[in-house]
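J.: Before anything else, here's the structure in question.
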Amino acid sequence: MKFVKALPISSALLIIISITLTHAAKFDITNNCPDTVWAAAVPGGGRQLDKGQTWTITAAPGTKAARIWARTKCQFDASGKGKCETGDCNGLLECQGYGAAPNTLAEYALKQFNDMDFIDMSNIDGFNVPMEFSSVSPSCNRVIKCTANILGECPNELKVPGGCNGPCPVFKTDEYCCNSGNCGPTGFSKFFKDRCPDVYSYPKDDATSTFTCPSGTDYKVVFCP
């Protein structure tokens, strides 16, 4: 009798779990670069991706301030501790926090205002690998890319091994970081914007750099598309 009484509760839990999984957004992260990269995601962790490999993660509705990026020239020991030349996240294979600049970023917030997902790419923390961030569901057709030769054309002041830094991580001034909430484009931000016009180039670059899709959309991130 106790089992019979417990059954409806179990069934209800299964329904709740099923609904949650049904509405979780899927992100396929693929490495098309000639070299190995170490994909990173918060939430999600991290994964080594050789050329052609894909790592799939999911994120629940309501997830905010989420990021996906590539790390380069990493070395990790058997316990998952080590270091990367770019995008390092406190020396961990399984990232628990954001990566160090420079890194090309895909950012998202799911099921926000009006049941919409908000997605963008950012060069505010600089650039380390070309990237595409796009939707793959019939309900939305968004493609954001940054595939310009930023590493080859990077201003000398922003050059670092393996990447092109954003001016905020380098100079740490209000002009570049917008700490006071009042700032505009600079020569350095225009360098990124001219080459990747759909991508964030400085913190107040919302008008041309934030895109939406209906909640429930699935996405892909491609390194070196």
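Cβ atoms are placed via backbone N, Cα and C, with glycine included.
Just so you know, TrEMBL annotations never went through curation; they're auto-generated.
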J.: With the disulphide bonds as TrEMBL has them, who is the partner of Cys84, out of Cys74, Cys95?
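T.: In TrEMBL, Cys84 forms its recorded disulfide with Cys74.
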J.: If you look at what TrEMBL says, which of Cys177, Cys178, Cys183, Cys196 makes a disulfide link with Cys146?
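T.: That record, TrEMBL, gives the partner as Cys196.
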J.: I want to verify the bond table. Which candidate from Cys154, Cys168 sits on the other end of the disulfide that TrEMBL records for Cys164?
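T.: According to the record, the bonded cysteine is Cys154.
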J.: Just to verify a number: CA distance, Cys178 (disulfide bond) to Cys154 (disulfide bond), in angstrom, no decimals.
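T.: Spelling it out, the Cα of Cys178 (disulfide bond) and the Cα of Cys154 (disulfide bond) are 22 Å apart.
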J.: C-alpha of Cys84 (disulfide bond) to C-alpha of Cys196 (disulfide bond): distance in Å?
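T.: That comes out at 25 Å between the alpha carbons.
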J.: Please identify, among the disulfide-bonded residues Cys164, Cys177, Cys183, the one with the smallest Cα-Cα distance to Cys89 (disulfide bond).
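T.: Going through Cys164, Cys177, Cys183 one by one, the Cα closest to that of Cys89 (disulfide bond) is Cys164.
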J.: Pop the Cα-Cα gap between Cys177 (disulfide bond) and Cys164 (disulfide bond) into the table, whole Å please.
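T.: Here the two Cα atoms are 16 Å apart.
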J.: Checking the contact step here: among the disulfide-bonded residues Cys33, Cys74, Cys146, Cys183, Cys196, Cys224, which have a Cα within 10 Å of the Cα of Cys177 (disulfide bond)?
T.: Cys183
J.: Specify the count of other C-beta atoms within 10 Å of the C-beta of Cys224 (disulfide bond).
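T.: Step by step: centre on the Cβ of Cys224 (disulfide bond), count other Cβ atoms within 10 Å, giving 17.
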